[in-house]
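*Asks:* Before we start, here is the structure in question, set down as structure tokens.
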């Protein structure tokens, strides 16, 4: 793999993080955005990431707990080495190229990561257009959390070089990348993407076949649903349930602490997809109502300062 | 709560641990067993527990990682204080009373914890007989993992003083006690059992109503099933799935490490209760076959030296 030009399509929460992390790791990165307005919205996100990266690195000089796995494989960096990494952060920020031009973005790309809205129509339109500009050998990945690459492969004009590369939020700390092909993905393209993930300090987590929810959410969703059921049906309170999980498994956080991080709105959107959720007598209906009562009070999780727990 | 005489019915893995822990905590403890043969089987378990308690306490003098939450609330014990606790261990062992006599065991009991086989018929026969000897005010609890107190309450002659008190294996380290009443359980009896749990260095985890699987297994079973599904359907290997869970949630162990501790036979017995498990084309059938192939090779988990991982 001798990729140089990486393109991230979309500048949202994850898109900006993937772009910044790739630039920090030495790639020549372009962020493709739909409009000038999108460019204006992306810039402060990148500035914030620069500040977080610099701040985290500086803290790593004195506090071992500040160590972020995505910033370096090593935990024993000297102050001089950290200062060098801070220069990489500055350089990454300076060199990030933002554009609305398909030709500018895609004609020279070795690898494209699509992070646009979770809307099939928008994704299909994007793939159809962008693929016209891509080199034959360019590899294309989606960061979609909820959709499968097989859904979009036919529109990419390179089904064998198309797959999913799924990042976690706060990529510089939570440095996992789930790699998932569809049936037609070429093994060589898959392996190149695994190498790319490693090269930007990610731990690649390899799926051998398509799976909705990848690996993590395939376990997290039923686990969190079970916890929501216990609370919504009045078996125990959130604190007791969390304490049980932590004492029983040694985990640092229980399900309701995790739900506060995921966000209660996301949890609500998952449960209302269940056909039973409209009936308040069913377990799913009780879970939906329980979550809605928190959301209606503005208690949507850690970002709001309160969810199942208070954070301020 | 001024209980003095505690009776544990049954001397199996958990029964012997509950009895030993209660005696260590200062109670006058009797183990009731069905036969002289049961007494002979229980004695080496108690000897082993004495050795483990003494050994753990001795290690706590020099190694902070040896600390077991059930042995003391404090992590900063002096050597002299630890030596005193070791005397309690010796004393607990010396004073444990084993008997096959109902009258001897139950006529003086303040609190009885039933830990006999998970067989409804045996439990009912035991409750009918033992309750004839109990004082009116005696409280009765079951440690059953899989059955509900409401099933047995009618046979206890004290439905309002009957509930579940569910311990985890290796009680001296995993010091949780799930407390679960049935609809007819008196709140005062419930509160007394919570106090008792605290008095033997357990963290009481309070359920407000009956729930099969209590709190922990209500979450653990769907979580482990989801992980088994990913492996059995070929989405990813056990090590990748564990790594994903650990990196994604910060947990010290992933689902297959936990399954090795639970034991693959227990996991198998859970999955084959599912009606689909007989059909090898279904997900449950694939999980059953996957687990069976490990069990057939003797890889039943950590106690066998190998499960999903090797331990020797």
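In case you wondered, yes, glycine gets a Cβ from its N, Cα and C as well.
According to TrEMBL, the record shows the following:
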- A:6-208: domain '3-hydroxyacyl-CoA dehydrogenase NAD binding' (DOMAIN)
- A:166: site 'Important for catalytic activity' (SITE)
- A:213-311: domain '3-hydroxyacyl-CoA dehydrogenase C-terminal' (DOMAIN)
*Asks:* Counting each residue once, how many in the domain '3-hydroxyacyl-CoA dehydrogenase C-terminal' (A:213-311) are helix, strand and coil under DSSP?
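*Replies:* Within the domain '3-hydroxyacyl-CoA dehydrogenase C-terminal' (A:213-311) the tally stands at 66 helix, 3 strand, 30 coil.
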*Asks:* Could you tell me the mean pLDDT the prediction assigns to the domain '3-hydroxyacyl-CoA dehydrogenase C-terminal' (A:213-311)?
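*Replies:* Within the domain '3-hydroxyacyl-CoA dehydrogenase C-terminal' (A:213-311), the model's average pLDDT equals 96.
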*Asks:* Please work out the number of neighbouring Cβ atoms within 10 Å of the Cβ of residue A:166 (site 'Important for catalytic activity'), leaving out its own Cβ.
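*Replies:* Other Cβ atoms found within 10 Å: 22.
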